[in-house]
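*Asks:* The following block contains the structure, expressed as structure tokens.
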Amino acid sequence: MAFLKKSLFLVLFLGLVSLSICEEEKRENEDEEEQEDDEQSEMKRGLWSKIKEVGKEAAKAAAKAAGKAALGAVSEAVGEQ
């Protein structure tokens, strides 16, 4: 009977150890995936900020061109009178 108890405790102990190791590896994998997701998010954020900057510059250039065109049209209209 004592032999069975020792064997059972040994099996339970080894099972707990292996379970602990598996959980640790799982946590490490989740941490690695989280880091990869963070890196991808940072890359996307950087890309969107660049696109936003380019869009702002394009809008400024378009507004400036439209302003010049409007000023030219007004100048022509005033000059014709």
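Cβ atoms here come from the backbone N, Cα and C positions, even for glycine.
Swiss-Prot feature annotations, pasted as is:
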type	residues	note
SIGNAL	1-22	signal peptide
REGION	24-46	region 'Disordered'
COMPBIAS	30-40	compositional bias 'Acidic residues'
MOD_RES	Val78	valine amide
*Asks:* Quick one: DSSP breakdown of the compositional bias 'Acidic residues' (30-40) into helix, strand and coil?
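*Replies:* Secondary-structure breakdown of the compositional bias 'Acidic residues' (30-40): 11 helix, 0 strand, 0 coil.
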*Asks:* Can you check which residues sit near the residue listed as 'valine amide', meaning Cβ under 8 Å from its Cβ, same chain, 6 or more apart in sequence, and list them in order?
*Replies:* none
*Asks:* Does DSSP give the residue listed as 'valine amide' helix, strand or coil?
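*Replies:* The residue listed as 'valine amide' sits in a helix per DSSP.
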